[in-house]
Amino acid sequence: MGASGRLLRAVIMGAPGSGKGTVSSRITKHFELKHLSSGDLLRQNMLQGTEIGVLAKTFIDQGKLIPDDVMTRLALHELKTLTQCSWLLDGFPRTLPQAEALDKVYQIDTVINLNVPFEVIKQRLTARWIHPASGRVYNIEFNPPKTVGIDDLTGEPLIQREDDKPETVIKRLKAYEAQTEPVLQYYQKKGVLETFSGTETNKIWPHVYSFLQTKVPETTQKASVTP
């Protein structure tokens, strides 16, 4: 097996709608590593009312971004508990100061970057419409309503969430690019950036899978044998 006995320290990056969540869950299903999502970690700490959770909530409540040092403390505190396993960081580091702070404590072996054209992401994210009363979700591409803009069951109008409106999506994608471009350049210079480009998650995944086979042991679950 190409995977060495050394524990893998990995990061996954990708814009909202790039399929990062799907790829991350497939990685943890097939390989012996722990997936650490900064968003999940944040919610968990806020729910438990930890010191860092309370601090983070004060920024969120004011509509502000959580400062780099708070996010770094949050991630490093959790990573301290994961000394015996390989891990995949998702959502952190998101800025250059976060990447540099992480670097002082851990040597990152590989950064998986999902490079999906913004136009494709925009189509994915803006295709979602919902029926507010029931929470029913329609996707114009994969699961469209029988009549455009109308709920199948009630005949009531569908709405588009603020987050899914084209102008909001474009703003989010531009903000992501501005924030993460320096991080990608930083890891590129270190020689650990692996970029996987494509328009479909199912076509990108086999390349990510082959790459990780050389880096980390696969899970020995029987499920991988069954079709």
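For all residues, glycine too, the Cβ spot is worked out from N, Cα and C.
Lys20 (N6-succinyllysine) is surrounded by 21 other CB atoms, counting those within 10 A of its CB over all protein chains shown. If you look up Swiss-Prot, you'll see Lys20 (among others) marked as N6-succinyllysine, on the strength of a large-scale study or a structure entry.
Among the features that Swiss-Prot reports, N6-succinyllysine is placed at Lys29 (among others). Neighbour list (Lys29 (N6-succinyllysine), Cβ cut-off 8 Å, at least 6 residues apart, same chain): Thr219. For the recorded site, Lys29 (N6-succinyllysine), the DSSP three-state label reads helix.
Marked as N6-acetyllysine by Swiss-Prot on the basis of a large-scale study or a structure entry: Lys29 (among others).
Sequence-distant contacts of Lys34 (N6-acetyllysine), defined as residues of its own chain at least six apart whose C-beta falls under 8 angstroms from its C-beta, comprise Thr28, Leu82, Cys85, Ser86, Trp87, Leu88. Summarising the annotation, Swiss-Prot assigns N6-acetyllysine to Lys34 (among others) and lists a large-scale study or a structure entry as the type of evidence.
For the region 'NMP' (37-66), the residues of the chain that approach it from at least six positions outside its boundaries are 24, 73-75, 77-78, 89-92, 94, judged by C-beta separation under 8 angstroms. Swiss-Prot lists 37-66 with the feature region 'NMP'.
The phosphoserine annotation in Swiss-Prot covers Ser37. All protein chains included, Ser37 (phosphoserine) registers 18 other Cβ atoms within 10 Å of its own Cβ. In three-state terms derived from DSSP, Ser37 (phosphoserine) belongs to an extended strand segment.
Residues within less than 8 Å, Cβ to Cβ, of Lys57 (N6-succinyllysine) and separated from it by at least 6 positions along the same chain comprise Met46. Residues or ranges marked as N6-succinyllysine by Swiss-Prot: Lys57 (among others).
Positions annotated as N6-succinyllysine by Swiss-Prot, on the basis of a large-scale study or a structure entry: Lys64 (among others). Taking Cβ-Cβ distances under 8 Å and a sequence gap of 6 or more within the same chain, Lys64 (N6-succinyllysine) has no neighbours at all. Secondary structure at Lys64 (N6-succinyllysine), taken from DSSP and collapsed to helix, strand or coil, is coil.
According to Swiss-Prot, the feature N6-acetyllysine maps to Lys64 (among others), an assignment based on a large-scale study or a structure entry.
Just so you know, the Cβ of Lys80 (N6-succinyllysine) picks up 9 other Cβ atoms within 10 Å once every protein chain is counted. As annotated by Swiss-Prot, N6-succinyllysine applies to Lys80 (among others), with the evidence given as a large-scale study or a structure entry.
Sequence annotations record features per position, and here Swiss-Prot assigns N6-acetyllysine to Lys80 (among others).
The annotation region 'LID' is assigned in Swiss-Prot to 127-164. Counting residues 6+ beyond its ends, the region 'LID' (127-164) has Cβ neighbours under 8 Å at 172 in the same chain.
The N6-succinyllysine annotation in Swiss-Prot covers Lys174 (among others) and is backed by a large-scale study or a structure entry. Reduced to three states, the DSSP call for Lys174 (N6-succinyllysine) is helix. Sequence-distant neighbours of Lys174 (N6-succinyllysine) (same chain, 6+ apart, CB under 8 A from its CB) do not exist here.
Annotation source Swiss-Prot lists N6-acetyllysine at Lys174 (among others), citing a large-scale study or a structure entry.
Taken from Swiss-Prot, the feature N6-succinyllysine applies to Lys189 (among others), supported by a large-scale study or a structure entry. Applying an 8 A CB threshold to same-chain residues 6 or more apart, the list for Lys189 (N6-succinyllysine) is empty. Following the DSSP three-state reduction, the secondary structure of Lys189 (N6-succinyllysine) is helix.
Taken from Swiss-Prot, the feature N6-acetyllysine applies to Lys189 (among others).
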List of residues, in chain order, with Cβ under 8 A from that of Lys203 (N6-acetyllysine) and at least 6 apart: none
